[in-house]
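Peer 1: Sharing a structure, written as structure tokens. Questions coming.
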Amino acid sequence: MKLTTIPNEFKEAAPVIREINAQGFEAYFVGGSVRDALLNKPIHDVDIATSAYPEEIKQIFKRTVDVGIEHGTVLVLMEDQQYEVTTFRTESTYQDFRRPDEVTFVRSLKEDLKRRDFTINALALDSTGEIIDLFDGIEDLTNQTIRAVGNPHERFHEDALRMMRGLRFASQLDFKIEEKTLAAIAEFHPLLEKISVERITIEFVKMLLGVNRQGGLAPFIETECYQYCPKLREQGAGLFRLMDLPARQIETEAEAWTLLIQSLNLPEAEIRSFLKAWKLSNQLIQNVSQLVRGLRFRLSNDWQPMMLYELGEESAVLVERLLYYYQQESQVQVTKELVKALPIHQRHELAITGKDLLAVLEETPGKWLGELIAEIEQHVVEGSLENKQEVLLSFAKKQRSKGEKA
């Protein structure tokens, strides 16, 4: 089979392959880029596999960088582009179920392709657009099937993360996992405990953001892979609730975590530790915590000025978008107007500062100062105090006077 239209990404990288070919070696585009080209999807990373050994590649090209030479990968720099070129290889046993104990360079494309995870990723493409399909990957693409290359038991024992990748592809591509491959995932899912949380998180998030997350979540639950993901062991019912939400694709990672937490009915006090267990960044944890708080408020209330102020426009709009999943009408434009109409949007917009209060009240700093500023801030946001210096200072004097009498 030949590609009728060769994507620009391949055209730009073709000189690398032609140069390797000119020196008597084989070279092909491989992996996800070939799959995505056949599916007419955007191509991200172009990977090249070759029969040339790393030292031979370094002799062919003037500008190279050793980025993973022990695994056969050399970065080739050509004009303003860079391409990863990896030698055909076979791999030995995998003691940690993730990385091979030993890599052996070979001259055979077939030996290289048969160690790959799924047939749809075991495709190669030469510089003329001719596709090399040794494991019926094109047929599986046509039938929208995710099938392990060769024996699925061996593939998942080599690299346990492949199970999560299979579930992710089911969601991303809207494909079905082939029966024997699915059975092997169900059998070997305990091996996921050998995989780092960070790697599991990447695949899990991609699964939630896929075009058919239900198509990934259903086998994720069925095979019990969730039991080896952070803090999900006892959360089967919550995952079913997540799966039952309307099918519209989730747009951002923060929204995905928010919908998951809401489906799990996590108490507010447990949200931070749950997200930390997934090794998320502090910024993302903060954003998601805000979104959950806003969503839970909005599901049973109209917006209140203080809640909008604390969330800010971006988070408030995301909350409105999330209402769709709970059969409530989203009012994005109204929400934007409500936020815009707030008297202030950040504390520094207050007409007074802590220094002003200390000067006028002639007091030393203490806990009282932060509490008083917060009280003033709330009154201004809610419209019960005008944001003018004299008004706010007068209010502050009255409040301190009350405090002294008390």
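Cβ atoms here come from the backbone N, Cα and C positions, even for glycine.
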Peer 1: The CTP site in Swiss-Prot lists GLY32, ARG35, ASP159, ARG162, ARG165, ARG168. Which one of ARG18, ARG63, ARG116 belongs there according to the record?
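Peer 2: For the CTP site that includes GLY32, ARG35, ASP159, ARG162, ARG165, ARG168, Swiss-Prot also lists ARG116.
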Peer 1: Counting other CB atoms within 10 A of each CB, which of the binding-site residues ARG35, ARG165 comes out lowest?
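Peer 2: Per-residue Cβ counts within 10 Å for the binding-site residues ARG35, ARG165 bottom out at ARG165.
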Peer 1: Please report the number of other Cβ atoms within 10 Å of the Cβ of ASP47 (Mg(2+) binding site).
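Peer 2: A 10 Å sphere around the Cβ of ASP47 (Mg(2+) binding site) contains 17 other Cβ atoms.
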Peer 1: Give me the CA-CA distance between ARG35 (CTP binding site) and ASP45 (Mg(2+) binding site), in Å, as a whole number.
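Peer 2: Given the Cα positions, ARG35 (CTP binding site) is 12 Å from ASP45 (Mg(2+) binding site).
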Peer 1: Identify, among the binding-site residues GLY32, ASP45, ARG162, ARG168, the residue whose Cβ has the fewest other Cβ atoms within 10 Å in this structure.
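Peer 2: Looking at the binding-site residues GLY32, ASP45, ARG162, ARG168, the Cβ with the fewest others within 10 Å is that of ASP45.
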Peer 1: If you measure ARG168 (CTP binding site) to ASP45 (Mg(2+) binding site) at Cα, how many Å is it?
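Peer 2: A Cα-Cα distance of 18 Å.
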